[in-house]
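Remarks on the structure that follows.
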Amino acid sequence: MPSVGIVVGDGKKEYPGKLTLYVTVTCIVAAMGGLIFGYDIGISGGVTTMDSFQQKFFPSVYEKQKKDHVSNQYCRFDSVSLTLFTSSLYLAALCSSIVASYVTRKFGRKISMLLGGVLFCAGALLNGFATAVWMLIVGRLLLGFGIGFTNQSVPLYLSEMAPYKFRGALNIGFQLSITIGILIANVLNFFFSKISGWGWRLSLGGAVVPALIITVGSLILPDTPNSMIERGQFKLAETKLRKIRGVDDVDDEINDLIVASEASKLVEHPWRNLLQRKYRPHLTMAILIPAFQQLTGINVIMFYAPVLFQTIGFGSDAALISAVVTGLVNVGATVVSIYGVDKWGRRFLFLEGGFQMLISQVAVAAAIGAKFGVDGNPGVLPKWYAIVVVLFICIYVAAFAWSWGPLGWLVPSEIFPLEIRSAAQSITVSMNMIFTFLIAQVFLMMLCHLKFGLFIFFAFFMVVMSIFVYFFLPETRGVPIEEMKQVWRSHWYWSKFVAA
């Protein structure tokens, strides 16, 4: 039976189906995979400001900030070993995402999620019971392996499971879970920092909880019809697709999935195939979107929010409270994105968020520069001044949370054809982790040397990425995932690479 679908005026197919309770619950459970990533982002920066943690593992940092109260504020936390503790995770995630590509394609999306949860759980336990720096680093590597698997599989799972008209909102559930994880971590850090001597163990070991959620969740989740077809389970895939879509007439969609699967089986080397001319737009997006997502500077704010707030003159408790405030803003703004992504489109949110972040970065640079100047001499930070700095950081976080945050995961996961989907998603995760690692590793050093100019550095990239989105990223709202090739064929630039 030929695949005809329901063709609308612009040539795009529409498949029958509705947003069922079954698929909603399934996507919510799968999106919980973002909790482990978010929890780690939130917990790391807070733990590294705890005195008991610094004394045990990084005494030089502790002594530096306690003994020299009038030193350059920009350089208080500049320590290679301290940043290696945070950023080692992302090297591990980079490596594991490549392995996850094979596992996801051969054994299904849910197996990758399961492996991610188990590895993350092991890393959390090792960190919670750590007695030496090497245990911390090995634990972080295990956490990274877990994140590599989940970040590779969860966005793909959500994009394949969701009805195309609601794909944006359901996929952003992953980013919402990341933001909730960050918020929970910030709140826990605040309370655990009150426990003298071993509160940091509860913060790091608490990562077991989100790890168990995704581990158990992956055991009860169904696999996606796309994945079932990819592994030859055609009848099961058709039955599952009927349940997911809530209608009996799924012939057109299942036929399109089978055609895509047959095409993907002809591709023996998906990694090598990514270099083909017809996949040039996909490869470009797989590299640049995650790179740009990190060059917004968001993980600098989220990793090191407590450190950053201490640097601009907040006390330790006030710094953690301020990080909780930004966490709340992050969650709230992500909900805005869930509401608007399928109404306003991806491009609008990218461009509006980029402009808002640009203004905020410049404002924060001006505020911190006016306070500390170039030499970083501290002083008493007036309350109103501190509130202004936090306000602009919150405006920045809100912009990211409804634009580059969720869309940096959504757009790559929905644009790849099935034959290269797992490999291309691995490149997306790998690029994300490479730039996260680089920025995390050099941030404190850059803050020490670039001073408030660090925020101008990120503001420059906001301009670059907004120009890129305006000219080169087509709108993908409301396009069925297996029909995405039509978007590239009609684009003013990419059409010359993608054959009709």
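The chain as shown is numbered from 1 upward.
Positions of Cβ are set from backbone N, Cα and C atoms, glycine also.
Listed in TrEMBL:
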DOMAIN    26-477  domain 'Major facilitator superfamily (MFS) profile'
TRANSMEM  19-39  transmembrane segment
TRANSMEM  80-102  transmembrane segment
TRANSMEM  114-135  transmembrane segment
TRANSMEM  141-158  transmembrane segment
TRANSMEM  170-192  transmembrane segment
TRANSMEM  198-221  transmembrane segment
TRANSMEM  283-307  transmembrane segment
TRANSMEM  319-341  transmembrane segment
TRANSMEM  348-372  transmembrane segment
TRANSMEM  384-411  transmembrane segment
TRANSMEM  423-446  transmembrane segment
TRANSMEM  452-473  transmembrane segment
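Sequence-distant contacts of the transmembrane segment (19-39) (same chain, at least 6 residues past either end, Cβ-Cβ under 8 Å): 113, 116-117, 120, 143, 146-147, 150-151, 153-154, 157-158, 161-163, 165-166, 170, 173-185, 206-207, 210-211, 213-214, 217, 220-222, 243-246. The stretch from 80-102, 141-158, 319-341, 384-411 that makes the most Cβ contacts under 8 Å with the transmembrane segment (170-192) is 319-341.
As a quick check, the transmembrane segment (198-221) and the transmembrane segment (114-135) clear the bar of 3 or more Cβ pairs under 8 A, pairs 6 or more apart, so the two touch. By the count of Cβ pairs under 8 Å, the stretch nearest in packing to the transmembrane segment (348-372) among 80-102, 141-158, 319-341, 423-446 is 319-341. Sequence-distant neighbours of the transmembrane segment (141-158) (same chain, 6+ residues past either end, Cβ-Cβ under 8 Å): 27, 30-31, 33-34, 36-37, 40, 88-97, 99-101, 103-104, 109-110, 112-113, 115-124, 126-127, 167, 170-171, 173-174, 207, 211, 214, 221, 224, 409-410, 412-413, 421-422, 425-426, 429, 432-433. Remote same-chain partners of the transmembrane segment (452-473), defined as residues 6 or more beyond its termini with a Cβ less than 8 Å from a stretch Cβ, comprise 284-285, 288, 292, 295-297, 300, 346-347, 350-351, 354-355, 357-358, 361-362, 364-366, 368-369, 372, 404, 411, 443, 446, 493-494. Confidence across the domain 'Major facilitator superfamily (MFS) profile' (26-477), taken as the mean pLDDT and rounded to a whole number, stands at 85.
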